[in-house]
Structure formats: structure tokens, C-alpha cells
């Protein structure tokens, strides 16, 4: 695609992003960070941009920042709950389905910059893509304005869903499977990435679950995390049937 087309898309994004942040009641300093946070690898590939200009590094950072923020929230809100309960609650809040709820609620899914092919194949509604962009946005917000502003954002966008019990139907199969295995004294659970295929903008990951030294189930997904969730779901359902 042409430089002019890229410029038009970027300018349109920046205007929409500015409007969105105003609606949410937040300011920002470095628009480039947020543009990167919403740049999917397919968009970068379409315009032959630097491969590190997509949002995966910010997603990595945002994942850690989000876990810290939610951990602090749960630690303060539930002073009498043991570590195990807090871990389970955190897993539910930061899992993919929950992040999709948060992103869609405020329209962040509409901000994602996608390549032409990804857009045509329904990438904008793909849960893993939306949750990744949400984590990348958190990473950008942290770098741009610090942890205090991330906390304020979470108070407005994340914590209300938790306090209104809107995440009760969300299932984090990795946590659910881990707890079941622990209850049954079946040993430790590990995950291995066994296959990664497809073009850079449309990867397909396959992961396996290892229990007691044996691979007991596999799962596929558009991200490594999604493939592990699907593998855990399969393993959990298998063991429940066996019992």
C-alpha cells in the first residue's frame, strides 16, 4: 500500500484516539506509543514497516502491568483471603475473555489497526487480537503516564466489572485445570509449544499439556496463550470424563 494511504489511516486513527481518550477522561503525551499499541502485525506487514513497530512488545509489558495492578486491587480489597483465592480471582480478571469485555465496553476494539487481509477475515472481532491490543494499550499507558494513571484507568474500566460480578461466567481453563489436578494429587502441569505455523500476520500456535511426564491434550489458537487455554480445556474435560 502507498505512503499516502498509510498516512490517511494513521491520521484517522490519531483523531479517533484523541476523541476516545477525551471521552474516557484521560490525557496523553506520546501518541506514537498508543499508535504502536494498536498496530497489529498485519498492518505493519502491509506497509513494510519495521517488524518491531507492531504491538507485541507493548503487549508483553502491559500483561505484567495489568497483573500488578489487579494484584494490588485484590490484595487491598480482600485482606482476609489466602493467596490461592487471590490467584484464582486474578486469573479470572486478566484472562482473555475478560480483557475482551473491558476493551469492547469502551470501544478500544474499533481502534485496532489491521492489515487488509486480517480485516477481511474478521480479525477485528477475534478475541485474542482484541485482548492483545488491550494489554498493549495498558503497556503504552504505563510508559506514557505511569502506574498511578493505569490505576485510575482500571478504576474506571476494569474494577467496576469485578465489583458488579460481571465476570462470573468467564472461564479460565488453565486455572481450573490446575486446581483440579492439585485436588486429585496428580502432580505438576506444564505446557509446551509444539508447533507454530502460518504467515506472520496470521499465525497458528499448537500447545500441549504435560501431566506426569505425558502429553495428554493439545490445543490450537491464534496466540500461544489461546492455544494453552484450549489445551487446558481439552485436558480438563478429558480428566473429568475419566473420573
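Cβ coordinates are placed from backbone N, Cα and C, and glycine is handled just like the others.
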Same-site Mg(2+) binder from 59, 67, 197, given that Swiss-Prot records 132, 135: 59
Extra residues within 8 Å (Cβ to Cβ centroid of 59, 132, 135), Mg(2+): 55, 56, 58, 60, 62, 63, 131, 133, 134, 136, 139
Across the domain 'DRBM' (172-241), average pLDDT on the 0 to 100 scale: 86
Cβ contacts under 8 Å made by the compositional bias 'Basic and acidic residues' (219-231) with residues that lie 6+ beyond its boundaries: 95-96, 126-129, 132, 172-174, 191, 193, 202-209
The region 'Disordered' (219-243) - residue tally per DSSP class, helix then strand then coil: 19 helix, 3 strand, 3 coil
Neighbourhood of residue 135 (active site) by C-beta distance under 8 A, where only residues 6 or more apart in the same chain count: 58, 59, 62, 63, 66, 99
